[in-house]
Amino acid sequence: KRLPQAIIIGVKKGGTRALLEFLRVHPDVRAVGAEPHFFDRNYERGLARYRDLMPRTLEGQITMEKTPSYFVTKEAPARISSMSKGTKLIVVVRDPVTRAISDYTQTLSKKPDIPTFESLTFKNRTTGLIDTSWSAIQIGIYAKHLENWLLYFPIGQILFVSGERLISDPAGELGRVQDFLGLKRIITDKHFYFNKTKGFPCLKKAEGSSKPHCLGKTKGRTHPDIDQEVVQRLRDFYRPFNMKFYQMTGQDFGWD
């Protein structure tokens, strides 16, 4: 059992589960199924306990885990860096407005009596002041969170995966991820088929199985209809942060 050489650190509702499931098809990737939440919630348990959670690997295999909340956790960059400065980090990002709505939809499925998306978005609806303390909005200010990581890791050690392209061209994004991890490009478009009902790609064969595999029923939930004026306000709010994020990463994600 080894400490992970690569971690999917974010973001929540970005497509991290899909990425991990797709990656596990690769014979040289071994990953923890559940999210360990070590660097945010369980750090005091110590690295030996963390290593215990990891799967056994052979020489040349990569150990991985994913916990999407690491990206927004203040202490996570320093903690991961003190484990290993060489850890490769992967961030799956998607349009912060659809990400926020998806986040809200997930909460709504567990707590049907929460306030409307619209009322949670604003501190004050009349002045149009956005409530940045609401985590659904906070998470999407990617540029701000990234600054924290860049204090500990060079930008070249972080790969940014487009959640949108993970759906429209899974093999293309997986190609970039395999290159980044120094793996042979084994996962290609022959591994995927598009599920029209779900609206996203599925694996023809999952890890260790000969059956097709789609992500569970909690993925691809139908979003509630959100007032278009609110959506527009959010687009305007995120625009400068998105532009800054594009500059920092050298990638235009095309959200505007």
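We number each residue from 1, going along the chain as drawn.
Placed from the backbone N, Cα and C atoms, the Cβ positions cover glycine too.
Copied over from TrEMBL:
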DOMAIN    4-239  domain 'Sulfotransferase'
BINDING   Lys13, Gly14, Gly15, Thr16, Arg17, Arg94, Ser102, Lys219, Gly220, Arg221, Thr222, His223  3'-phosphoadenylyl sulfate binding site
ACT_SITE  Lys13  active site, for sulfotransferase activity
DISULFID  Cys202-Cys214  disulfide bond
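Projection of TrEMBL feature records onto the structure.
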{"residue": "Lys13", "record": "3'-phosphoadenylyl sulfate binding site", "contacts (Cβ under 8 Å, 6+ apart)": "Pro68, Arg94, Arg99, Ser102, Asp103, Gln106"}
{"residue": "Gly15", "record": "3'-phosphoadenylyl sulfate binding site", "contacts (Cβ under 8 Å, 6+ apart)": "Val92, Arg94, Val161, Gly163, Leu166, Ile167"}
{"residue": "Arg17", "record": "3'-phosphoadenylyl sulfate binding site", "contacts (Cβ under 8 Å, 6+ apart)": "Lys66, Leu215, Lys219"}
{"residue": "Cys202", "record": "disulfide bond", "contacts (Cβ under 8 Å, 6+ apart)": "Phe192, Tyr193, Phe194, Asn195, Pro212, His213, Cys214, Leu215"}
{"residue": "Thr222", "record": "3'-phosphoadenylyl sulfate binding site", "contacts (Cβ under 8 Å, 6+ apart)": "Thr105"}
Do you know the mean pLDDT across the domain 'Sulfotransferase' (4-239)? 94
Neighbour tally for Ser102 (3'-phosphoadenylyl sulfate binding site), based on other Cβ positions within 10 Å of its Cβ: 22
C-beta crowding around Cys214 (disulfide bond), within 10 angstroms: 18
